[in-house]
Amino acid sequence: MAYRVLGRAGPPQPRRARRLLFAFTLSISCTYLCYSLLCCCDDLGQSRLLGAPRCLRGPGAGGQKLLQESRPCDPSGPTPGEPGAPSAPAAGAPSPRLSGSNHSGSPKLGTKRLPQALIVGVKKGGTRAVLEFIRVHPDVRALGTEPHFFDRNYGRGLDWYRSLMPRTLESQITLEKTPSYFVTQEAPRRIFNMSRDTKLIVVVRNPVTRAISDYTQTLSKKPDIPTFEGLSFRNRTLGLVDVSWNAIRIGMYALHLESWLRYFPLAQIHFVSGERLITDPAGEMGRVQDFLGIKRLITDKHFYFNKTKGFPCLKKTESSLLPRCLGKSKGRTHVQIDPEVIDQLREFYRPYNIKFYETVGQDFSVASSCGPVFTHAVFSSLES
(Lines of atoms letter the chains of each structure in order from A and count residues from 1; the text may use other names and numbers.)
(Lines give C-alpha, C1' and ligand atoms only; values in the text may rest on other atoms or scores of the structure.)
Protein backbone atom coordinates (compact mmCIF):
# COMPACT_ATOMS: atom_id res chain seq x y z
CA MET A 1 0.00 0.00 0.00
CA ALA A 2 2.81 2.24 0.80
CA TYR A 3 4.29 1.45 -2.56
CA ARG A 4 1.13 2.60 -4.29
CA VAL A 5 1.06 5.87 -2.43
CA LEU A 6 4.63 6.58 -3.27
CA GLY A 7 4.03 5.56 -6.86
CA ARG A 8 1.19 8.03 -7.17
CA ALA A 9 3.24 10.84 -5.60
CA GLY A 10 6.01 10.54 -8.17
CA PRO A 11 4.41 12.03 -11.33
CA PRO A 12 3.60 15.56 -9.96
CA GLN A 13 7.29 16.40 -9.57
CA PRO A 14 7.72 17.89 -13.12
CA ARG A 15 4.68 20.15 -12.61
CA ARG A 16 6.09 21.52 -9.36
CA ALA A 17 9.40 22.30 -11.11
CA ARG A 18 7.61 24.13 -13.88
CA ARG A 19 5.65 26.14 -11.37
CA LEU A 20 8.81 27.09 -9.53
CA LEU A 21 10.48 28.12 -12.80
CA PHE A 22 7.45 30.23 -13.74
CA ALA A 23 7.40 31.92 -10.33
CA PHE A 24 11.11 32.67 -10.59
CA THR A 25 10.73 34.15 -14.07
CA LEU A 26 7.77 36.27 -12.94
CA SER A 27 9.78 37.54 -9.97
CA ILE A 28 12.68 38.57 -12.19
CA SER A 29 10.32 40.38 -14.58
CA CYS A 30 8.61 42.26 -11.76
CA THR A 31 11.96 43.26 -10.29
CA TYR A 32 13.12 44.63 -13.66
CA LEU A 33 9.85 46.51 -14.15
CA CYS A 34 10.07 48.12 -10.71
CA TYR A 35 13.68 49.11 -11.32
CA SER A 36 12.77 50.69 -14.65
CA LEU A 37 9.91 52.64 -13.10
CA LEU A 38 12.10 53.89 -10.26
CA CYS A 39 14.78 55.16 -12.70
CA CYS A 40 12.18 56.85 -14.87
CA CYS A 41 10.60 58.60 -11.89
CA ASP A 42 14.01 59.70 -10.65
CA ASP A 43 14.91 61.24 -14.04
CA LEU A 44 11.52 62.91 -14.24
CA GLY A 45 11.90 64.37 -10.75
CA GLN A 46 15.32 65.75 -11.56
CA SER A 47 14.04 67.24 -14.81
CA ARG A 48 11.28 69.03 -12.93
CA LEU A 49 13.67 70.34 -10.32
CA LEU A 50 16.07 71.65 -12.92
CA GLY A 51 13.32 73.09 -15.08
CA ALA A 52 14.39 70.89 -18.00
CA PRO A 53 11.93 69.67 -20.63
CA ARG A 54 10.57 66.16 -20.29
CA CYS A 55 12.71 64.26 -22.75
CA LEU A 56 12.98 60.54 -23.38
CA ARG A 57 16.30 58.97 -22.54
CA GLY A 58 18.62 57.80 -25.21
CA PRO A 59 17.36 54.73 -27.12
CA GLY A 60 18.20 51.38 -25.63
CA ALA A 61 18.25 48.00 -27.33
CA GLY A 62 14.60 47.39 -26.64
CA GLY A 63 13.22 50.89 -27.13
CA GLN A 64 14.62 52.14 -30.46
CA LYS A 65 11.38 51.63 -32.35
CA LEU A 66 9.38 53.60 -29.80
CA LEU A 67 11.89 56.44 -29.68
CA GLN A 68 12.03 56.67 -33.46
CA GLU A 69 8.32 57.51 -33.40
CA SER A 70 8.79 60.13 -30.66
CA ARG A 71 9.61 63.79 -31.34
CA PRO A 72 13.02 64.87 -30.04
CA CYS A 73 13.13 67.56 -27.40
CA ASP A 74 13.96 71.09 -28.54
CA PRO A 75 17.04 72.25 -26.58
CA SER A 76 16.32 75.88 -27.34
CA GLY A 77 14.14 77.96 -25.04
CA PRO A 78 13.21 81.57 -24.35
CA THR A 79 16.08 83.83 -23.46
CA PRO A 80 15.89 86.20 -20.49
CA GLY A 81 13.69 89.18 -21.27
CA GLU A 82 11.59 87.31 -23.84
CA PRO A 83 7.98 86.22 -23.33
CA GLY A 84 7.81 82.95 -21.45
CA ALA A 85 11.32 83.27 -20.06
CA PRO A 86 11.93 82.13 -16.47
CA SER A 87 12.18 84.79 -13.81
CA ALA A 88 15.59 85.99 -12.73
CA PRO A 89 17.31 84.00 -9.94
CA ALA A 90 17.25 85.38 -6.43
CA ALA A 91 20.05 87.65 -5.24
CA GLY A 92 23.15 85.68 -4.41
CA ALA A 93 22.14 82.69 -6.54
CA PRO A 94 24.63 81.59 -9.19
CA SER A 95 23.82 82.67 -12.74
CA PRO A 96 22.69 79.81 -14.99
CA ARG A 97 24.89 78.81 -17.90
CA LEU A 98 22.85 79.35 -21.01
CA SER A 99 23.47 77.68 -24.32
CA GLY A 100 24.54 79.95 -27.14
CA SER A 101 26.18 79.75 -30.52
CA ASN A 102 29.17 81.29 -32.20
CA HIS A 103 29.43 82.53 -35.79
CA SER A 104 29.57 78.97 -37.12
CA GLY A 105 26.35 78.04 -35.31
CA SER A 106 27.92 75.41 -33.04
CA PRO A 107 26.52 75.44 -29.48
CA LYS A 108 28.55 76.62 -26.53
CA LEU A 109 27.90 77.63 -22.96
CA GLY A 110 27.62 81.25 -21.94
CA THR A 111 25.50 83.95 -20.39
CA LYS A 112 24.43 87.45 -21.35
CA ARG A 113 26.46 90.19 -19.72
CA LEU A 114 26.67 93.95 -19.92
CA PRO A 115 29.52 94.97 -22.25
CA GLN A 116 32.99 95.42 -20.83
CA ALA A 117 34.08 97.46 -23.87
CA LEU A 118 32.35 99.93 -26.18
CA ILE A 119 33.20 101.44 -29.55
CA VAL A 120 31.74 104.88 -28.86
CA GLY A 121 32.74 106.80 -31.98
CA VAL A 122 33.09 108.43 -34.29
CA LYS A 123 30.54 108.22 -37.07
CA LYS A 124 32.12 107.66 -40.51
CA GLY A 125 35.51 107.12 -38.91
CA GLY A 126 35.88 103.37 -39.41
CA THR A 127 33.91 101.96 -36.48
CA ARG A 128 32.22 99.22 -38.52
CA ALA A 129 35.59 98.01 -39.78
CA VAL A 130 37.00 97.83 -36.24
CA LEU A 131 33.93 95.91 -35.08
CA GLU A 132 34.07 93.36 -37.90
CA PHE A 133 37.83 92.92 -37.59
CA ILE A 134 37.80 92.41 -33.81
CA ARG A 135 34.94 89.90 -34.05
CA VAL A 136 37.37 87.49 -35.68
CA HIS A 137 39.04 87.10 -32.28
CA PRO A 138 37.72 84.08 -30.33
CA ASP A 139 37.87 85.99 -27.03
CA VAL A 140 35.49 88.72 -28.25
CA ARG A 141 31.75 88.48 -28.80
CA ALA A 142 30.11 91.58 -30.24
CA LEU A 143 26.61 92.80 -30.93
CA GLY A 144 26.27 93.28 -34.69
CA THR A 145 23.68 96.05 -34.63
CA GLU A 146 23.85 99.46 -32.95
CA PRO A 147 21.55 99.42 -29.88
CA HIS A 148 21.75 103.19 -29.23
CA PHE A 149 21.11 102.47 -25.57
CA PHE A 150 23.02 105.34 -23.97
CA ASP A 151 21.60 107.98 -26.31
CA ARG A 152 18.10 106.92 -27.45
CA ASN A 153 16.95 103.90 -25.43
CA TYR A 154 18.31 104.58 -21.95
CA GLY A 155 14.81 104.59 -20.49
CA ARG A 156 14.41 100.89 -21.31
CA GLY A 157 16.82 99.99 -18.51
CA LEU A 158 19.95 97.87 -18.14
CA ASP A 159 18.03 94.59 -18.14
CA TRP A 160 16.74 95.34 -21.64
CA TYR A 161 20.25 96.36 -22.72
CA ARG A 162 21.73 93.14 -21.32
CA SER A 163 19.13 91.04 -23.12
CA LEU A 164 20.48 92.30 -26.47
CA MET A 165 24.01 91.10 -25.81
CA PRO A 166 25.48 87.88 -27.22
CA ARG A 167 26.14 85.05 -24.77
CA THR A 168 29.75 84.85 -23.65
CA LEU A 169 32.00 82.68 -21.55
CA GLU A 170 33.79 84.03 -18.48
CA SER A 171 36.98 84.37 -20.53
CA GLN A 172 35.32 86.38 -23.33
CA ILE A 173 34.72 90.12 -23.72
CA THR A 174 31.29 91.48 -24.61
CA LEU A 175 31.49 94.43 -27.03
CA GLU A 176 29.03 96.76 -28.71
CA LYS A 177 29.32 99.70 -31.11
CA THR A 178 27.27 102.88 -31.36
CA PRO A 179 29.29 105.81 -32.85
CA SER A 180 26.82 108.47 -31.77
CA TYR A 181 27.75 107.94 -28.11
CA PHE A 182 30.88 110.07 -28.55
CA VAL A 183 28.88 113.23 -29.24
CA THR A 184 26.04 112.50 -26.77
CA GLN A 185 26.41 114.70 -23.69
CA GLU A 186 24.78 112.21 -21.31
CA ALA A 187 26.58 109.09 -22.58
CA PRO A 188 29.79 109.33 -20.47
CA ARG A 189 27.88 109.63 -17.19
CA ARG A 190 25.46 106.86 -18.11
CA ILE A 191 28.24 104.47 -19.12
CA PHE A 192 30.15 105.34 -15.94
CA ASN A 193 27.07 104.51 -13.87
CA MET A 194 26.89 101.12 -15.61
CA SER A 195 30.56 100.38 -14.93
CA ARG A 196 33.43 102.72 -14.25
CA ASP A 197 35.79 100.04 -15.60
CA THR A 198 34.32 100.07 -19.12
CA LYS A 199 36.97 100.28 -21.85
CA LEU A 200 36.22 102.80 -24.59
CA ILE A 201 37.38 102.77 -28.22
CA VAL A 202 37.24 105.90 -30.40
CA VAL A 203 38.04 105.74 -34.12
CA VAL A 204 39.13 109.16 -35.36
CA ARG A 205 39.70 110.40 -38.86
CA ASN A 206 40.63 113.60 -40.66
CA PRO A 207 37.60 115.72 -39.66
CA VAL A 208 37.28 117.29 -43.11
CA THR A 209 37.29 113.91 -44.86
CA ARG A 210 34.92 112.59 -42.21
CA ALA A 211 32.47 115.45 -42.84
CA ILE A 212 32.53 114.86 -46.59
CA SER A 213 31.94 111.14 -46.04
CA ASP A 214 29.04 111.96 -43.74
CA TYR A 215 27.54 114.26 -46.36
CA THR A 216 28.03 111.66 -49.11
CA GLN A 217 26.06 109.11 -47.12
CA THR A 218 23.23 111.57 -46.44
CA LEU A 219 23.14 112.62 -50.10
CA SER A 220 22.68 109.00 -51.18
CA LYS A 221 19.49 108.89 -49.10
CA LYS A 222 18.27 112.47 -49.63
CA PRO A 223 19.36 113.71 -53.09
CA ASP A 224 17.55 117.04 -52.64
CA ILE A 225 19.62 118.33 -49.69
CA PRO A 226 21.64 121.56 -50.08
CA THR A 227 25.25 121.49 -51.23
CA PHE A 228 28.09 120.61 -48.89
CA GLU A 229 29.40 124.17 -49.13
CA GLY A 230 25.98 125.60 -48.29
CA LEU A 231 25.64 123.45 -45.18
CA SER A 232 29.21 123.98 -43.96
CA PHE A 233 29.20 127.80 -43.72
CA ARG A 234 27.02 130.44 -42.21
CA ASN A 235 29.02 132.94 -44.23
CA ARG A 236 31.65 131.53 -46.54
CA THR A 237 33.02 134.94 -47.49
CA LEU A 238 33.83 135.65 -43.86
CA GLY A 239 34.86 132.05 -43.26
CA LEU A 240 32.15 131.51 -40.62
CA VAL A 241 31.66 127.77 -40.28
CA ASP A 242 28.25 126.51 -39.19
CA VAL A 243 29.07 124.40 -36.11
CA SER A 244 25.38 123.58 -35.62
CA TRP A 245 25.58 121.20 -38.60
CA ASN A 246 26.23 117.79 -37.09
CA ALA A 247 28.62 116.75 -39.86
CA ILE A 248 30.90 119.64 -38.87
CA ARG A 249 30.42 119.39 -35.11
CA ILE A 250 31.35 115.69 -34.85
CA GLY A 251 34.87 116.44 -36.09
CA MET A 252 35.56 118.80 -33.17
CA TYR A 253 37.08 115.88 -31.26
CA ALA A 254 38.72 117.89 -28.48
CA LEU A 255 35.38 119.45 -27.56
CA HIS A 256 33.62 116.10 -27.13
CA LEU A 257 36.57 114.44 -25.40
CA GLU A 258 36.28 116.87 -22.48
CA SER A 259 32.95 115.28 -21.49
CA TRP A 260 34.48 111.80 -21.39
CA LEU A 261 37.51 112.82 -19.35
CA ARG A 262 35.22 114.01 -16.57
CA TYR A 263 34.32 110.38 -15.92
CA PHE A 264 37.03 108.19 -17.43
CA PRO A 265 40.83 108.41 -17.24
CA LEU A 266 42.66 108.70 -20.55
CA ALA A 267 44.16 105.23 -19.99
CA GLN A 268 40.66 103.74 -20.40
CA ILE A 269 40.17 105.30 -23.83
CA HIS A 270 41.91 103.91 -26.92
CA PHE A 271 42.09 105.96 -30.12
CA VAL A 272 42.26 104.25 -33.51
CA SER A 273 43.42 106.08 -36.63
CA GLY A 274 40.86 105.61 -39.40
CA GLU A 275 43.57 106.31 -41.98
CA ARG A 276 46.04 103.79 -40.57
CA LEU A 277 43.20 101.28 -40.38
CA ILE A 278 43.32 101.36 -44.20
CA THR A 279 47.09 101.36 -44.69
CA ASP A 280 48.01 99.07 -41.78
CA PRO A 281 44.94 97.21 -40.47
CA ALA A 282 46.98 94.54 -38.67
CA GLY A 283 48.99 97.17 -36.81
CA GLU A 284 45.93 99.12 -35.69
CA MET A 285 44.09 95.96 -34.67
CA GLY A 286 47.16 94.75 -32.81
CA ARG A 287 46.98 97.84 -30.62
CA VAL A 288 43.26 97.32 -30.11
CA GLN A 289 43.91 93.77 -28.92
CA ASP A 290 46.59 95.03 -26.53
CA PHE A 291 44.16 97.60 -25.14
CA LEU A 292 41.49 94.95 -24.55
CA GLY A 293 44.03 92.72 -22.85
CA ILE A 294 43.70 89.81 -25.27
CA LYS A 295 46.32 87.90 -27.23
CA ARG A 296 47.34 89.24 -30.64
CA LEU A 297 45.65 86.71 -32.89
CA ILE A 298 44.43 89.09 -35.62
CA THR A 299 47.47 89.66 -37.83
CA ASP A 300 48.45 90.34 -41.44
CA LYS A 301 47.30 86.88 -42.48
CA HIS A 302 43.67 87.92 -41.88
CA PHE A 303 43.64 90.78 -44.41
CA TYR A 304 43.96 91.44 -48.10
CA PHE A 305 43.65 94.78 -49.89
CA ASN A 306 40.64 95.16 -52.16
CA LYS A 307 41.65 97.48 -54.99
CA THR A 308 38.08 97.93 -56.18
CA LYS A 309 36.79 99.18 -52.85
CA GLY A 310 40.05 100.80 -51.84
CA PHE A 311 40.36 99.30 -48.37
CA PRO A 312 41.40 96.06 -46.65
CA CYS A 313 39.02 93.13 -46.32
CA LEU A 314 38.96 90.01 -44.22
CA LYS A 315 40.09 86.80 -45.82
CA LYS A 316 37.56 84.00 -45.90
CA THR A 317 38.41 81.19 -43.50
CA GLU A 318 36.91 77.73 -43.03
CA SER A 319 35.91 78.52 -39.46
CA SER A 320 34.35 81.92 -40.15
CA LEU A 321 31.14 83.01 -41.85
CA LEU A 322 32.13 86.68 -41.82
CA PRO A 323 31.93 88.49 -45.16
CA ARG A 324 35.13 89.06 -47.07
CA CYS A 325 34.44 92.79 -47.24
CA LEU A 326 32.18 95.35 -45.65
CA GLY A 327 28.79 95.98 -47.19
CA LYS A 328 27.92 97.83 -50.37
CA SER A 329 27.28 101.02 -48.38
CA LYS A 330 31.02 101.20 -47.63
CA GLY A 331 33.48 102.50 -50.18
CA ARG A 332 31.32 105.18 -51.81
CA THR A 333 33.16 107.69 -53.98
CA HIS A 334 33.05 111.07 -52.27
CA VAL A 335 31.40 114.03 -53.92
CA GLN A 336 33.78 116.57 -55.42
CA ILE A 337 34.29 119.58 -53.15
CA ASP A 338 35.86 122.93 -54.04
CA PRO A 339 39.51 122.80 -52.83
CA GLU A 340 39.11 126.29 -51.33
CA VAL A 341 36.27 124.99 -49.15
CA ILE A 342 38.49 122.13 -47.98
CA ASP A 343 41.28 124.56 -47.11
CA GLN A 344 38.89 126.77 -45.15
CA LEU A 345 37.64 123.80 -43.16
CA ARG A 346 41.18 122.61 -42.50
CA GLU A 347 41.97 125.99 -40.97
CA PHE A 348 38.80 125.83 -38.90
CA TYR A 349 39.70 122.41 -37.48
CA ARG A 350 43.39 123.18 -36.90
CA PRO A 351 43.11 124.49 -33.29
CA TYR A 352 40.75 121.66 -32.34
CA ASN A 353 43.14 119.09 -33.84
CA ILE A 354 46.15 120.53 -32.00
CA LYS A 355 44.30 120.48 -28.68
CA PHE A 356 43.12 116.94 -29.35
CA TYR A 357 46.67 115.73 -30.15
CA GLU A 358 48.05 117.36 -27.02
CA THR A 359 45.32 115.87 -24.82
CA VAL A 360 45.70 112.28 -26.02
CA GLY A 361 49.48 112.49 -26.40
CA GLN A 362 49.39 111.33 -30.01
CA ASP A 363 49.79 113.36 -33.18
CA PHE A 364 47.50 111.82 -35.79
CA SER A 365 48.87 114.18 -38.44
CA VAL A 366 52.35 112.61 -38.28
CA ALA A 367 53.25 110.76 -41.46
CA SER A 368 53.25 106.99 -41.21
CA SER A 369 55.35 104.59 -43.21
CA CYS A 370 52.63 104.59 -45.86
CA GLY A 371 52.34 108.37 -46.10
CA PRO A 372 50.58 111.14 -44.19
CA VAL A 373 47.74 110.05 -41.96
CA PHE A 374 45.62 113.19 -42.06
CA THR A 375 45.59 114.39 -45.65
CA HIS A 376 43.18 116.82 -47.27
CA ALA A 377 42.75 114.56 -50.30
CA VAL A 378 39.29 113.09 -50.73
CA PHE A 379 39.22 109.34 -51.21
CA SER A 380 37.03 106.30 -50.65
CA SER A 381 37.48 104.62 -47.28
CA LEU A 382 36.13 102.11 -44.81
CA GLU A 383 33.27 104.33 -43.72
CA SER A 384 32.48 106.19 -46.92
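Quick reminder: no glycine exception, Cβ is built from N, Cα and C everywhere.
These features come from TrEMBL:
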{"type": "BINDING", "residues": "K124, G125, G126, T127, R128, R205, S213, K330, G331, R332, T333, H334", "note": "3'-phosphoadenylyl sulfate binding site"}
{"type": "COMPBIAS", "residues": "84-101", "note": "compositional bias 'Low complexity'"}
{"type": "DOMAIN", "residues": "115-350", "note": "domain 'Sulfotransferase'"}
{"type": "REGION", "residues": "61-111", "note": "region 'Disordered'"}
{"type": "TRANSMEM", "residues": "20-38", "note": "transmembrane segment"}
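On the structure: features taken from TrEMBL.
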residue : record                                  : Cβ neighbours (10 Å)
K124    : 3'-phosphoadenylyl sulfate binding site : 27
G126    : 3'-phosphoadenylyl sulfate binding site : 31
R128    : 3'-phosphoadenylyl sulfate binding site : 21
S213    : 3'-phosphoadenylyl sulfate binding site : 28
T333    : 3'-phosphoadenylyl sulfate binding site : 11
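Confidence in the domain 'Sulfotransferase' (115-350), given as mean pLDDT, stands at 93.
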